[in-house]
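Listed in TrEMBL for this protein:
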- C66-C392: disulfide bond (DISULFID)
- C258-C272: disulfide bond (DISULFID)
- 1-25: signal peptide (SIGNAL)
Amino acid sequence: PPLPASASAMALRCFVLVLLPLAAAGKGLSGYFGTKSRYEEVNPHLESDPLSLGPSAAASELPAACAALQLRAVLRHGTRYPTAGQIRRLGQLHARLRRSTATADACPAAAALAAWQMWYEESLDGRLAPQGQRDMELLARRLAARFPALFAARRRLALASSSKHRCRQSGAAFLRGLGPNLGSDEEEIEVNDSLMRFFDHCAKFVALVEENDAAMCQVDAFKEGPEMRKVLEKVTSALCLPVDELNADLVQVAFLTCSYELAIKNVTSPWCSLFSEEDAKVLEYLNDLKQYWKRGYGYEINSRSSCILFQDIFQHLDKAVEESKSSKPISSPLIVQVGHAETLQPLLALMGFFKDDEPLKANNYDRQTHRKFRSGRIVPYAANLVFVLYHCDQVKTSEEEYQVQMLLNEKLMLFHHSNETVSTYADLKEYYKDILENCHFKEECELPKVNTTADDEL
């Protein structure tokens, strides 16, 4: 029987692998896997040296007389297996190909995929892959090397996580990366969904975006648009299937099968052979459209729901400044929290990063070729946003005494208000004053009292 043409959000996030030598085809597509991208795509130097701090490690621009007081890191979990729903969908697609009567001579792609061994089991259900554990262990080692004074004592590390198993496992792997003195027991990790899964607790977001099919109208329109139709026709032709036997979601299944293969095993799946680099760009845009409208700038509630996390970050920075001014030891020099792409993307949008002049829409694919909003560059597996607070001596004014840097995926970010990689803490707080003072999670997330439709509200 034909597969149901479900347009569910889950269908956009799929999977697979087969053990083949890494081929150029898989590598050529690897820059377009969106949120299923390997961390090495944003830091290519890690492929040759997993502990390298990168070419710009020394360019901090901080005065020599500055000492790190506090590090606050929000991490995405490491490389994971597909979810049970994704695995079921792949199994259905694979079974369809196995029922095909196409011969190897007439339809080599279909025959090769029919012969491919489906090894995923639903019990894997989004769990952290061995590569994901390595992602976290190595990230911990690099951060410790970059900020030795904060990590050297290996004490007072506050580690929190989302309740999802892959996040708790990622936290435990991060601890292992820091060495035996800190242990690696998941029981030591605080579960804090109010901060790491704030989106689940925001009724307005859940009702008007998460569970509202109309909110994804741009995504649905792109699935039916000319760019996706061209990819769909090409894939159905390669598989010797009628065009009406596949849809955009199933094509995405095949494409992300290639992505999981590369991320988890560093091998190229035969599913990769269905796609060219141009196809990959189209499918990346489909993924980015979903991220934009569900987690990014598409609707204001997406980012405003993250103000609870944003304010928590600054409350801890404030406390460290107060303790420093009082000559007290910093009570929380290291705060590490493990969440999801859905944790980081709204937070970065709240802060105004990666915002394009024109919204991402179904009908402006060509104009968005050089867009800033590329989820694979922003929140790949093991993505990390790090705030570092410094105390500086030998400064001209008291405001310069406390300075801040931000790193995304271990690269210094330019602050919007200064276009510099260093800001006084006072200037940073002034720039984000409105969010810090006027963004209240409870009020932001209340459903409208009046009987408006979701479309009106959005």
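Glycine is treated like the rest: Cβ placed from N, Cα and C.
Just so you know, TrEMBL annotations are computer predictions that nobody has curated.
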C392 (disulfide bond) to C258 (disulfide bond) - Cα separation in whole Å: 48
C258, C272, C392 as disulfide-bonded residues, winner by CB count within 10 A: C258
Cβ neighbour count within 10 Å of C66 (disulfide bond): 21
Distance from C66 (disulfide bond) back to C272 (disulfide bond), taken between C-alpha atoms, in Å: 49
Cα-Cα distance linking C66 (disulfide bond) and C258 (disulfide bond), given in Å to the nearest integer: 46
